[in-house]
């Protein structure tokens, strides 16, 4: 029975820490809201660079059809 209480306490502690890691940077949210995707490398055609992600560490790319 003690193990059950210990397990519940540990799980409660772990789930308390989770929301801090789920908060995204504002630029990442803006990229996703404009239907872009984050990329480690430069955007490849037909995608265009529309901003940054992860606090400026990544590129935000959006597919742009060629006309």
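Even glycines carry a Cβ here, placed using N, Cα and C.
According to Swiss-Prot, the protein has these features:
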| type | residues | note |
| --- | --- | --- |
| DISULFID | 31-60 | disulfide bond |
| DISULFID | 38-53 | disulfide bond |
| DISULFID | 43-61 | disulfide bond |
| SIGNAL | 1-19 | signal peptide |
Tally every other Cβ atom lying within 10 Å of the Cβ atom of residue 31 (disulfide bond). 25
So of all those disulfide-bonded residues, 31, 53, 60, which one's Cα sits nearest to residue 43 (disulfide bond)? 60
List the residues of the same chain that sit at least 6 positions away from residue 60 (disulfide bond) in sequence and have their Cβ under 8 Å from its Cβ, in sequence order, or write 'none'. 27, 28, 30, 31, 34, 36, 37, 38, 39, 49, 50, 51, 52, 53
